[in-house]
Amino acid sequence: MGRIATAAIVSLWTIPVFILVNRIVPDPYMDEIFHIPQAQKYCNGDFMSWDPMITTPPGLYYLSLVQVAALFPIKYFLQLASSFPEACSTAVLRSINGVLALLCSMLVYEIIAHLRPALDDRKSALFATVLTLYPLHWFFTFLYYTDVASLTAVLAMYLACLKKKYLFSALLGAMAVFIRQTNIIWMLFVACSEVIDITMAHQKDSVEVDDLKASNQGTIPSTVNTGVNVSSNLRKRKSKGNAKSNKPPYWKSTSSTSQTSGLLHEIQAIVLTSWRIKWELLVSFSPFFFVLLAFVAFLFWNGSVVLGAKEAHVVSPHFAQIMYFSLVSALLAAPLHFTIGHALDLFRSFWRNGLLGIFLLLSALIASLLSVHFFSIAHPYLLADNRHYTFYLWRKIIKVHWSMKYLLVPFYVYSWFSIFRFLDKTRRRIWILAYFFATSAVLIPAPLIEFRYYTIPFYFFILHTDIDDRRSLLLIGILYTILNIFTMTMFLFRPFHWDHESGVQRFIW
C-alpha cells in the first residue's frame with residue numbers, strides 16, 4: 001500500500017507541472033531538438049536513420065513507442081490522432097518521463113523497505129517522496145531527456161538483484177545500458193554488491209557452524225539424540241542465515257571474523273569465499289557477464305562509448321569531477337552533512353584513528369589539490385552556453401579568482417569523508433570502496449560538468465544512509481522544493497534571447 005500512496009503523492013505535482021510546462025514550452029528545447037525528432041522517426045517506422053549529434057542509445061525511444069502504442073487506441077477513439085506518427089507529439093513523448101517518475105518513486109519505496117525493514121511505512125513513503133523531489137531528477141521529469149528512464153532502469157535492476165532475481169536483474173541492466181552507456185558501470189556495481197553480500201553471508205554461516213561444532217566438543221558422547229539436536233540446531237541456524245541473506249545486511253556484522261581486520265580482512269574473506277563457491281557465483285551472475293560481453297563488443301564496433309558527437313565527448317582524465325560531485329551531493333543533503341554534531345563526529349573519528357586518521361586526511365587533501373590543479377577541464381560547452389547553471393557556477397565561483405579552486409578543496413574532502421561516514425554506519429567497507437570506484441569510473445572520464453550525471457551515484461548514497469528522523473527528511477524536502485520552484489520559475493518565466501541566434505532561450509540545469 002505504501003508504494004501506491006507514494007506514487008499518488010508524486011502524481012499530485014507531476015501532472016499539473018507537466019501540463020504547465022507543455023503549455024508554456026510546447027516545442028522541443030535544448031537536447032530535445034535531437035531526441036524528439038529521432039523518436040518521431042521511430043514512430044514513422046524509420047529505424048535506420050540516426051542523428052549524429054545524439055550520444056546515447058535508442059532505449060528511451062523504444063520505451064516511448066510502447067507508451068504511444070498503448071495510448072494510440074484511446075487517442076484514435078477520441079479523434080485526437082488519426083495516425084500512429086501523429087500520436088508522437090512532443091507532449092506525449094515527454095509524458096513517458098512522467099510515467100517513469102511515478103514508477104521510480106515506487107521502486108525507491110520498495111528498495112527502502114527491502115534495505116530497512118524496521119522502518120515503518122510512513123517514514124518509507126516520506127523518504128521515497130522526498131527523493132522524488134531531488135532537483136536534477138524532478139526537473140527532467142518534464143522534458144524528453146534520458147535521465148529519468150536511466151535512473152528508473154538502474155533502480156529496477158538493483159531491486160531485482162536484491163530480491164535474488166539475477167536473470168531479470170541482468171535483463172534490466174541491459175535495458176539500462178540501452179538507455180545510457182555508462183550504466184554498464186552501475187550494472188557491474190550492483191552485481192559486485194550482491195557478490196559481497198553472498199560471500200560475506202557464506203563466511204558468517206561458516207563461522208557459526210564452526211562455533212557450533214566447537215561448543216559441542218567435550219560434551220556427552222555422540223548419540224542418536226545428540227546427533228538429532230546438532231542437526232536440528234544447524235538447520236535452525238542455516239534457516240536463519242538464509243532468511244537474513246535474502247536481504248543485504250543493513251548493519252555491521254558482529255561475527256568474530258568480521259571484527260578483526262577491517263577492509264583487508266573483508267577483501268581476503270571475499271576472495272577466499274568466492275573461490276570456494278565459484279560455481280554458484282558463476283551460474284548466478286553469468287547473465288551479467290553476457291551483458292558485459294555485449295557491451296565490450298559494442299565498444300569495438302563503435303570505437304567509442306558515445307554514439308554521436310564523439311569529438312565533443314572524448315574520454316578525459318577529469319579527476320576534479322568527483323570533487324564537484326562530493327560537494328554538490330553534500331549540499332543537496334545539507335541537513336545531514338553540515339551540522340555541528342555530524343562535523344564533531346567526523347572529527348572524533350579521525351582523532352580516534354590517531355596517526356592513521358591524520359595520514360588519510362593529508363593524503364585526501366594532497367590528492368584533491370593535485371586533481372583540481374592538473375585535472376580540471378573547462379569544456380567548450382561549459383564556457384559558451386549560458387543557459388546552464390554550471391556556466392555561472394564556473395565563472396562566478398570556481399574561476400572568480402585563481403585561488404578559489406584550491407580554497408574549495410577542504411570542502412570537497414569534507415564532503416567525501418562525510419559521505420563515507422554515513423555509509424560506514426550501514427555498509428561494509430568493501431562496499432563503500434566499490435561505490436567510490438563505480439562513481440569515479442562514471443564521472444572521471446566525462447569532460448563536461450553536468451550535474452545530471454550525479455543523480456545515480458547520489459541515489460545509491462542516500463538510499464544506504466540511516467536517516468530515520470522526520471526532521472531531516474522534511475528539511476531536505478523543503479530544500480528540494482525551494483530549488484525546484486526556483487529552477488522551474490526561471491525555466492518557464494525568465495526566458496531570454498541571444499543576439500547571434502533567433503529563438504527563445506531558457507535557463508536549465
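Placed from the backbone N, Cα and C atoms, the Cβ positions cover glycine too.
Feature list (source: TrEMBL):
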TRANSMEM  6-25  transmembrane segment
TRANSMEM  60-79  transmembrane segment
TRANSMEM  91-112  transmembrane segment
TRANSMEM  124-146  transmembrane segment
TRANSMEM  166-190  transmembrane segment
REGION    232-257  region 'Disordered'
TRANSMEM  281-301  transmembrane segment
TRANSMEM  321-344  transmembrane segment
TRANSMEM  356-382  transmembrane segment
TRANSMEM  402-423  transmembrane segment
TRANSMEM  430-453  transmembrane segment
TRANSMEM  473-493  transmembrane segment
Hey, does the transmembrane segment (124-146) touch the transmembrane segment (473-493), meaning at least 3 C-beta pairs closer than 8 angstroms, sequence gap 6 or more? yes
Highest Cβ pair tally under 8 Å against the transmembrane segment (321-344), stretches 124-146, 166-190, 356-382, 402-423, lands on 402-423
Suppose I define contact as three or more CB-CB distances under 8 A, residues 6 or more apart in sequence; do the transmembrane segment (356-382) and the transmembrane segment (281-301) meet it? no
Sequence-remote contacts (6 or more beyond its ends) of the transmembrane segment (281-301), Cβ cut-off under 8 Å? 166-167, 169-171, 173-174, 177, 181, 184, 187-188, 191, 194-195, 198-199, 274
Outside the transmembrane segment (166-190), six or more residues from its ends: residues with CB under 8 Å to it: 56-60, 62-63, 146, 149-150, 153-154, 156-158, 160, 284-285, 287-288, 290-292, 294-295, 305-306, 434-435, 438, 441-442, 453, 456, 460
Same chain, outside the transmembrane segment (60-79) by at least 6, Cβ under 8 Å from its Cβ: which residues? 35, 38-39, 42-43, 87-88, 92-93, 95-96, 99-100, 144, 146, 149, 178-179
